[in-house]
Amino acid sequence: MQANSRTYFLLIAIVSFAMVGAALYMQYAENLQPCPLCIMQRFAFIGIGIFSLLAVIAQNTRTLWQGLGMLSGVGGIAVAGYQVALLMNPKASCGIDPLENWVNSLPTAKLLPQVFYSDGLCTAPTPPILGLSIPAWSLIWLLILTLTLAVGLIRREKHFR
């Protein structure tokens with residue numbers, strides 16, 4: 001069981017970091033600049049990945065790391081859902097707002113601007129991938145990862161009863 005749970009968390013971390021890798025590919029190879037909401041979704045994927053890796057390493061506090069990973073996922077789901085709603089309403093726009101200034105003033109934007117600096121518009125059209133927008137795919141993967149963490153937590157709780 002121990003090897004299975006390690007593999008479980010490791011796979012979640014790999015998928016999470018792969019999503020960040022896909023975002024960086026789209027940013028640099030496809031020249032799609034990230035908006036503030038995109039950067040916040042990157043934070044969510046990175047949070048899920050880091051907390052999942054900590055769950056692999058620190059077995060005694062695994063439930064804590066799993067819960068924090070779920071919390072990161074819920075935050076990312078809220079942000080991605082908001083961005084999908086913005087894209088569905090063409091009259092709405094987040095434009096250049098205080099959120100962009102706030103995201104770009106974070107230490108991560110200063111330390112790793114290649115990853116965390118926001119330079120795009122939230123409602124900028126992007127080519128669909130298999131018929132869905134990039135934020136919709138982000139929402140789907142955040143839902144999958146968060147639900148996977150939740151199901152694992154529920155199964156473990158049932159196992160210990």
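Placement of Cβ uses the backbone N, Cα and C atoms for every residue, glycine included.
Quantities reported herein were computed from a predicted structural model and do not represent experimental measurements.
Residues annotated as topological domain 'Cytoplasmic' in Swiss-Prot, with sequence analysis given as evidence: 1-8 (among others).
Note on the transmembrane segment (9-25): residues 34, 38, 41-42, 45-46, 48-50, 52-53, 55-56, 62, 66, 69, 114-115, 138, 141, 145, 148-149 of its chain, located 6 or more positions outside it, place their CB under 8 angstroms from a CB of the stretch. As annotated by Swiss-Prot, transmembrane segment applies to 9-25 (among others).
In terms of DSSP secondary structure, the topological domain 'Periplasmic' (26-43) contains 11 helix, 0 strand, 7 coil. Annotation source Swiss-Prot lists topological domain 'Periplasmic' at 26-43 (among others).
The disulfide bond feature in Swiss-Prot is assigned to Cys35-Cys38 (among others). For Cys35 (disulfide bond), the count of additional Cβ atoms within 10 Å of its Cβ stands at 25 [all protein chains shown].
Taken from Swiss-Prot, the feature transmembrane segment covers 44-58 (among others), and the record attributes it to sequence analysis.
Summarising the annotation, Swiss-Prot assigns topological domain 'Cytoplasmic' to 59-63 (among others) and lists sequence analysis as the type of evidence.
Non-local neighbours of the transmembrane segment (64-81) in the same chain are 9, 12, 37, 40-41, 43-45, 47-48, 51-52, 54-55, 58, 135-136, 138-139, 142-143, 145-146, 149-150, 152-153; each lies 6+ residues outside the stretch with a CB under 8 Å from one of its CB atoms. Feature annotation from Swiss-Prot assigns transmembrane segment to 64-81 (among others).
The feature topological domain 'Periplasmic' is assigned by Swiss-Prot to 82-136 (among others). Regional average pLDDT for the topological domain 'Periplasmic' (82-136) in the model is 80.
Among the features that Swiss-Prot reports, disulfide bond is placed at Cys94-Cys122 (among others), with the record citing sequence analysis. The number of other Cβ atoms within 10 Å of the Cβ belonging to Cys122 (disulfide bond), over all protein chains shown, comes to 22.
Swiss-Prot lists 137-155 (among others) with the feature transmembrane segment. Through the fold, the transmembrane segment (137-155) approaches residues 5, 8, 12, 15-16, 19, 38, 41, 44-45, 48, 52, 63, 66-67, 69-70, 73-74, 76-77, 80-81, 83-84, 129 of its own chain, all at least 6 residues removed from its boundaries and within a Cβ separation under 8 Å.
The topological domain 'Cytoplasmic' feature in Swiss-Prot is assigned to 156-161 (among others); the stated evidence is sequence analysis.
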Helix, strand and coil totals (DSSP H, G, I; E, B; other) for the topological domain 'Cytoplasmic' (59-63): 5 helix, 0 strand, 0 coil
CB contacts for Cys38 (disulfide bond) [other CB atoms within 10 A, all chains]: 25
Within-chain partners of the transmembrane segment (44-58) [C-beta distance under 8 Å, separation at least 6 from its ends]: 5-6, 9-10, 12-14, 16-17, 19-20, 23, 65-66, 68-69, 71-73, 75-77, 79-80, 141-142, 145-146, 149
